[in-house]
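Participant: The structure's right below; bear with me while I get my questions together.
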Amino acid sequence: MQLSITHPCCWTLRLLLVSNLLLWENVALVPTCLVRNGRCFASLEEMLERAVGLSEEISKQALQLFTEFDNQYAQSKQLINKNFKKCHTSSLELPKPSSTSVQTHPITLLKIASKLLSAWKVPLNDLVNNLPSLKDIHPNILSKAREIEAKSAGLLEGVKSILIQMQNGDTEDENYPGWSGLASLQSENEDDRLFAYYNMIRCEGRETQKVETALKMVKCKISNENNC
């Protein structure tokens, strides 16, 4: 006997089919992730992609910050003629482009990036808090410094999350160079104070590029690219 399409049995089958289609549709929309302790984490590749993108933004803004500060103060105060002081994180170097860098483990590179970001957490906070004391400081310089501080803090948390994932949850206390430049930023001598800011902003731009390079090297190694 042929059943009518309006027969209750047919309606039940149709409802089941629609329900199954909707179920699969919802499953397809749920992003894939790694589940640990009942929580959903982004994949390692996704986390690295975000970290690299954020590090590029920070490097770009750090260069803009230095350029604007240089244009406003360096020429008139002859800051460019002074000898730059060593950056407080200069000891945290990346492996040089050679066979050694190829053999460097991604975790080692991530730890260098983490130490650099940690070592600049206090200096960036001091920079943001003390920049307003400079005479005729441009609002763009202040806003860029604040953005760099906020994004660097976010990137540090991201790098730590990547390290936790790669080390299966294992964490360890990290030692990084301390910052002792606050007194120079608050010097009563205007020229000395300006040079302290100038040197610090230059160092910050240099070290953000290190972080960017380290993260790109990690991404390259994880992706098994040949030109790392």
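Glycine too: its Cβ is placed from the backbone N, Cα and C atoms.
What Swiss-Prot records for this protein is below:
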type: DISULFID; residues: CYS87-CYS203; note: disulfide bond
type: DISULFID; residues: CYS220-CYS228; note: disulfide bond
type: SIGNAL; residues: 1-29; note: signal peptide
Participant: Would you say which of the disulfide-bonded residues CYS87, CYS220 has the most Cβ atoms within 10 Å of its own Cβ?
Facilitator: CYS87
Participant: Determine the Cβ neighbour count for CYS203 (disulfide bond): the number of other Cβ atoms within 10 Å of its Cβ.
Facilitator: 22
Participant: In whole Å, how far is CYS220 (disulfide bond) from CYS203 (disulfide bond) when you measure between their Cα atoms?
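Facilitator: That separation, Cα to Cα, works out to 26 Å.
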Participant: Round to the nearest Å and give the CA-to-CA distance linking CYS87 (disulfide bond) with CYS220 (disulfide bond).
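Facilitator: About 28 Å separate the Cα atoms of these two residues.
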Participant: According to DSSP, which of helix, strand or coil covers CYS220 (disulfide bond)?
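Facilitator: Reduced to three states, the DSSP call for CYS220 (disulfide bond) is helix.
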